[in-house]
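Undergrad: From TrEMBL, here are the annotated features:
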ACT_SITE  Glu308  active site, proton donor/acceptor
COMPBIAS  438-447  compositional bias 'Basic residues'
DOMAIN    24-338  domain 'Peptidase M14'
REGION    420-447  region 'Disordered'
SIGNAL    1-20  signal peptide
Amino acid sequence: MSGLLLVSFHLLLLFKLVAPVTFRHHRYDDLVRTLYKVHNECPYITRVYSIGRSVKGRHLYVLEFSDYPGIHEPLEPEVKYVGNMHGNEVLGRELLLQLAEFLCEEFRNGNQRIVRLVEGTRVHILPSMNPDGYEVAVAQGADSSGYLVGRNNANGVDLNRNFPDLNTYIYYNEKHGGPNHHLPLPDNWKSQVEPETQAVIHWIRSFNFVLSANLHGGAVVANYPYDKSLEHRVRGFRRTANTPTPDDKLFQKLAKIYSYAHGWMHQGWNCGDYFPDGITNGASWYSLSKGMQDFNYLHTNCFEITLELSCNKFPRQEELQREWLGNREALIQFLEQVHQGIKGMVLDENHNNLAEAVISVSGINHDITSGDHGDYFRLLLPGTYTVTATAPGFEPETVTVTVGPGEPKLVNFHLKRSIPQATPTRRVPNSGHEGRVLPKKVQPRVS
Ligand SMILES: [Zn+2]
């Protein structure tokens, strides 16, 4: 009997020893191994893929969680986390590896909350957007005095100042009218951005992301767009001024979800700074141009915030467990926020999916579009909204919908082809092709 107990004790000890939670800094090879390890432990709900390479040729690996990895299921939203964009801000990288292991383990343990999340959401995790910078920073070690060593990529460029600047256009359009979403890339954008930035732009254009967070360090606060202040420079001086997006209240709520689920962010006093509720509008803190979160909002359907997670950009290994416990609930709750507002399909009369249909909400000057599968996701706070779907060649359809605090409301649109109005229609006697004659296409008159 005591022998059996001893065996159980040893088994327990062994289990403890091989338990996967390892709080250490992961260099590039270690990071790649960890991603594949999680994939091997949870092969049916994960996929590892690369979105491109860094300047020095390191892959930018993403770990995806979904009940159908590699497949977009209509009406299931896509979410992403990006870590370590600044190579010397390393906590996000480690937290995202912890998150990956946590999602895998808890799914296997049958944790209902995680099962529901994975089955209803497609989660993409990019632990390091700047693997080259990280290797430079890690050579210095933790608690290093070189505050900026390893921040930039191998070409010395700050990746969070490297995205095309679309703010200038939106501020003009907000004043004078013009598109309020999906602002186009400049023609020569590829020659103006770094390989890492280009990879991320391709990535966020090829998935219909709805929600995202970008993990940084050096402060403890949840920062929401815009990052670039409306009046960027006054007489040569950089000016900071609260510069809200049309979705300001929603962004504030998303930021607060994180800060209040976080162990101490919401307290506001951190690293010698004070942010009420632990959140801030980016531009009211300090204005920055060509950042990633503004780009997400202005060029895609994705709503991104920036999370500053630690005073020390490179915390010592012994601090990682406490940081994980402080962030775990917040990282999960933030992912769950993608399930709010309205979503649905945009279809034509024959039930064909309509991609790139525009969904506008009256009172919010920022439209979103349906994805390739005809599905759309519009994050909204609880309330009653007038929502219109439009697509070229179709009659717009408007509905009034009340959104509650829980699950998103399903609102499908069936758009009818618009009847050409410009030319008088002449009724043609039915020639036997009953109901099969398509309406004649109207050519615009050339005068
Ligand atoms: Zn940063």
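Glycine is no exception: its Cβ is also placed from the backbone N, Cα and C atoms.
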Undergrad: Show which residues of the chain containing Glu308 (active site, proton donor/acceptor), separated from it by at least 6 in sequence, have their CB under 8 Å from its CB.
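TA: Set apart from Glu308 (active site, proton donor/acceptor) by at least 6 residues yet with Cβ under 8 Å, we have His216, Gly217, Gly218, Ala219, Val220, Val221, Ala222, Asn223.
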Undergrad: Helix, strand or coil at Glu308 (active site, proton donor/acceptor), per DSSP?
TA: strand
Undergrad: What average pLDDT is reported by the model for the domain 'Peptidase M14' (24-338)?
TA: 95
